[in-house]
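Asker: Heads up, here are the entries from Swiss-Prot:
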type: COMPBIAS; residues: 102-125; note: compositional bias 'Gly residues'
type: CROSSLNK; residues: 80; note: SUMO2 cross-link
type: DOMAIN; residues: 2-75; note: domain 'Sm'
type: MOD_RES; residues: 1; note: N-acetylmethionine
type: REGION; residues: 87-139; note: region 'Disordered'
């Protein structure tokens, strides 16, 4: 289960977010993006000491400041059910496809099948293609 798929499923559900500086935010998840930046609504912010509280209608939290997220167990169960329903876990699709990696034979990535010299002779850097029967410089 990937963290971002968990967050996408948790939209419109309550969650607790603790930041690296010790502050906590309790609210309902509105949205999240690929960098785990999140928007919360109906937020209660608690100071790191736990002695001050603020109520906010909405709040934006940068993903890189998050220490951890506490999400209800029912959300985790929903994500597990989605993974089973899709029938894919780690490597599910890759095992069905033909894999072309190291040691699997085939031509690989290069056109001529290897490294170094051994391509078409006479086509070096900036040199015209050599044609038999003509000398360079004489017309």
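Here the Cβ of each residue, glycine as well, is placed from N, Cα and C on the backbone.
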Asker: With every protein chain in view, what's the tally of Cβ atoms within 10 Å of the Cβ of the residue listed as 'SUMO2 cross-link', excluding that atom itself?
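Answerer: The residue listed as 'SUMO2 cross-link': 12 neighbouring Cβ atoms within 10 Å.
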Asker: Take every residue in the domain 'Sm' (2-75), average their pLDDT values, and give the whole-number result.
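Answerer: That stretch averages a pLDDT of 95.
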Asker: Looking only at the domain 'Sm' (2-75), how are its residues distributed among DSSP helix, strand and coil?
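Answerer: Here the numbers are 13 helix, 38 strand, 23 coil.
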